[in-house]
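For reference, the structure discussed in these notes is given below.
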């Protein structure tokens, strides 16, 4: 069987070489269609990778946030629960021990309130209180002065604060612009004072007055409200986020079995899911439109084969007269069809890669802040190869069956 197929392809290439011009025109259609398909898929894959990287830069995709359900809204009226689940360090540690995925955890509470400076001036403050020792500056920030708070300070709940440069300048006397002079000064929050231990600057400065301090400090402030902190688990692998969320939801439901719907969890992986869905729709639509070019190329292949049957009618009759059966003739013409498609596929791949590699830098120059490159994946190459093979078989079937159906006597007479 294999030997017969090999022989059929060898003869197919000989016949195609003998009709070079007709073969070239039919192959050209396949080359253009396949090239356009390869270039389009490579550009879309590159754009998807670029978008994923940008989302990852701006979002904490590896984070799982768990929050206590504090109340509910019915017909626009908010009511607080009688019993609220409290996420404590002990609960977080127990969950992390049970979780089959490696993670770094912290409890944190974010809020905004009115604070005071040393001269009793009121200021609007945004704060984040956390159990995690501040060994690194907040995300997208740099340390300007002072030091971060240590694990011991976080555990003790020292009354210290790590403030942003906007707040540091607000604390300084008029005319003093040196933010390092804010070190050691006091800010007053919830009826108590916090000493400034360090100053940071956010890369994307939004002019807010913000600071970070230990979560255990919050409960020691004289007029601090009752706090139900959020639990933030940073997974080591972004692919573990969704299964970790499912596990954590089940574990917390069992842990707080006496409190219905005690917690709710959030991830930002939905951004990637929405992106993947949008890219898939775009890929399918563009693939369908460009696939029309491949179909046109396939029609060209069928046309060449029909012309070949007309020219080789006598040859087909002789072959059938000396013993060639229907399957032999079908195999021969299908081999020629697949050979044309294979040649077009190879050159189309090369053309598509060149187009994508040239087009990507041009788009980067035209569009501001666009830095992507064409991406060639194994899936793309497999899809294109399968498309070419299927095109050859589909558009070669009718001519092959027509050739196999010729009467040998009538064919020889022609």
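Glycine is treated like the rest: Cβ placed from N, Cα and C.
Nobody curates TrEMBL annotations by hand; they come from automatic prediction.
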Quiz item: Looking at 258-283, 284-309, which one is transmembrane segment according to TrEMBL?
Solution: 284-309
Self-check item: Among ranges 312-337, 338-363, whichever one TrEMBL labels transmembrane segment
Solution: 338-363
Quiz item: Can you say which of 231-254, 375-398 is given as transmembrane segment in TrEMBL?
Solution: 375-398
Self-check item: Per-residue pLDDT averaged over the domain 'ABC3 transporter permease C-terminal' (288-408), given as an integer
Solution: 79
Quiz item: When DSSP states are grouped into helix, strand and coil, how many residues of the domain 'ABC3 transporter permease C-terminal' (288-408) land in each?
Solution: 102 helix, 0 strand, 19 coil
